[in-house]
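*Asks:* Below you will find the structure I want to go over with you.
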Amino acid sequence: MQASRARLFKEYKEVQREKTADPDIQLVCDDSNIFKWTALIKGPSETPYEGGVFQLAFSVPEHYPLQPPQVRFLTKIFHPNVHFKTGEICLDILKTAWSPAWTLQSVCRAIIALMAHPEPDSPLNCDSGNLLRSGDVRGYQSMARMYTRLAAMPKKG
Amino acid sequence: MRNKEPALDDGEVEYEAGPESCWGNFEDDDVMQQQFSIQDDEAKKFPFVGDKEPLSSLAAEYQSGSPILLEKIKVLDQQYAAIRRTRGDGNCFFRGFMFSYLEHVLEAQDSAEIDRIKANVERSRNALQTLGYPELTFEDFFTLFLEQLEDVIQGKETSISPEELVLRSRDQSVSDYVVMFFRFVTSAEIQKRSEFFEPFIMGLSNTTVEQFCKSAVEPMGEESDHVHITAISDALGIPIRVVYLDRSSCDTGGVSVNHHDFIPAAGDLPSARGSSDKNNPFITLLYRPGHYDILYPK
């Protein structure tokens with residue numbers, strides 16, 4: 001517990017220091033609980049998520065960084081590796097391939113990379129995965145773009 | 001928190017899986033939590049590092065098993081006094097190496113060895129920095145290992161007894177951190193000498209060196225192979241003997257037990273170390289397919 005707190009505090013300081021280094025990621029620690037974080041990430045350009053801002057929720061376990069943080073999308077997203085209802089993310093580094101070499105910040109970068117490079121063969125959202133697997137890139141992109149507009153962009157007017 | 005969220009149509013913010021999909025409620029996170037709880041249950045059955053046991057306890061395991069193995073255990077019994085088991089959690093090589101090394105330092109109280117290892121630890125630290133690892137990701141693991149190293153040196157207020165070393169090796173907050181320290185050191189060494197390691201890694205996993213380190217060295221619970229052992233032995237300049245207990249036999253009738261010595265690459269050895277010394281590993285691990293335990297020579 002003490003070790004995880006100390007590590008998270010270092011990450012917190014690093015995030016403060018490097019605030020401008022990564023304009024696509026805004027990582028914020030809960031005011032009262034260092035084990036709860038949220039992040040706003042920008043949808044990568046030249047993807048159907050471009051222009052959208054997606055909110056992630058981090059829940060950090062007691063044995064962090066030996067165990068991975070739990071991360072999910074709070075913003076609805078249509079992506080093969082994100083559960084459409086729960087926002088759960090299927091990403092190896094959040095499961096078996098986790099190591100303390102990752103940080104909350106670099107996890108955000110990995111999630112942005114996953115948005116740009118979906119892995120339709122290990123889908124959590126089968127509808128989305130099936131579109132890509134059957135080669136219907138256009139279908140996948142228009143669905144994903146629609147949900148980006150509906151859920152991840154500020155409403156006009 | 002919620003009010004910062006981008007605006008949504010009413011009713012769109014429904015992230016809990018509905019009752020219509022009970023499997024939808026059982027997610028990867030739950031699977032992982034379940035896995036952790038199974039690991040906890042296993043932990044209660046066997047500590048990270050066991051007590052010293054006579055080799056007869058090893059023979060007892062194979063009583064109704066292969067006669068070749070029983071013959072080999074008899075041979076081992078002539079050379080080795082005891083075995084100390086480690087938990088089979090994928091970290092057994094690093095765990096056995098950790099205990100064996102710290103126990104050696106505690107017994108030998110060789111200040112030259114301590115200076116030597118510290119210099120190598122700093123080289124690993126520099127290697128990680130050069131490779132672009134943020135300091136905050138690995139420094140806690142380095143600090144904890146160096147603390148253990150300090151504490152096994154006797155004659156200080158913080159000095160620990162052999163019994164205390166066993167207890168610490170069973171304490172997850174120490175033991176896993178030291179294992180992770182070794183994983184960082186191993187990863188740094190492999191990436192630093194990627195040209196050397198690449199052909200071995202291609203043979204094992206057909207991935208890039210960096211990918212191999214990310215997926216098969218750095219994550220806890222990933223098992224160790226020749227590549228890992230070679231790298232840690234080279235990085236820290238510590239020779240390691242691995243004794244193989246398997247069903248292989250030779251046709252000439254006599255039973256012998258094979259071993260392999262991992263001798264640190266010459267360039268990494270300090271000049272002060274004599275050549276006879278470096279061929280004489282003080283760490284001996286018993287390898288049975290998929291698992292490493294510690295052996296004590298007579």
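Just so it is clear, glycine is given a Cβ too, placed from its N, Cα and C backbone atoms.
Quick paste from TrEMBL:
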type: ACT_SITE; residues: B:ASP89; note: active site
type: ACT_SITE; residues: B:CYS92; note: active site, nucleophile
type: ACT_SITE; residues: B:HIS291; note: active site
type: DOMAIN; residues: B:81-298; note: domain 'OTU'
type: SITE; residues: B:TYR244; note: site 'Interacts with free ubiquitin'
type: SITE; residues: B:ASP246; note: site 'Interacts with free ubiquitin'
type: SITE; residues: B:TYR287; note: site 'Interacts with free ubiquitin'
type: SITE; residues: B:TYR292; note: site 'Interacts with free ubiquitin'
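Can you tell me where each of these features sits in this structure?
*Replies:* Secondary structure at B:ASP89 (active site), taken from DSSP and collapsed to helix, strand or coil, is coil.
B:HIS291 (active site) falls within a strand when secondary structure is assigned with DSSP. All chains included, 18 other C-beta atoms sit within 10 angstroms of the C-beta of B:HIS291 (active site).
Of all Cβ atoms in the protein chains displayed, 14 besides its own lie within 10 Å of the Cβ of B:TYR244 (site 'Interacts with free ubiquitin'). DSSP assigns B:TYR244 (site 'Interacts with free ubiquitin') to a strand segment in the three-state reduction.
For B:ASP246 (site 'Interacts with free ubiquitin'), the number of other Cβ atoms no farther than 10 Å from its own Cβ, over all displayed protein chains, is 14.
Sequence-distant contacts (6 or more apart, same chain, Cβ under 8 Å) of B:TYR287 (site 'Interacts with free ubiquitin') comprise B:VAL242, B:VAL243, B:TYR244, B:LEU245.
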*Asks:* Could you give the Cα-Cα distance between B:ASP246 (site 'Interacts with free ubiquitin') and B:HIS291 (active site), in whole Å?
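*Replies:* About 11 Å separates the two Cα atoms.
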*Asks:* Restricting attention to the domain 'OTU' (B:81-298), give the mean pLDDT.
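*Replies:* The answer is 91, the mean pLDDT of the model over that range.
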*Asks:* Write down the Cα-Cα distance for B:TYR292 (site 'Interacts with free ubiquitin') and B:CYS92 (active site, nucleophile), rounded and given in Å.
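*Replies:* Cα to Cα, B:CYS92 (active site, nucleophile) and B:TYR292 (site 'Interacts with free ubiquitin') are separated by 6 Å.
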*Asks:* So if I measure Cβ to Cβ from B:TYR292 (site 'Interacts with free ubiquitin') and keep only same-chain residues at least 6 apart in sequence, which ones fall under 8 Å?
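*Replies:* Set apart from B:TYR292 (site 'Interacts with free ubiquitin') by at least 6 residues yet with Cβ under 8 Å, we have B:THR86, B:CYS92, B:PHE93, B:GLY96, B:SER224, B:VAL242, B:LEU285, B:LEU286.
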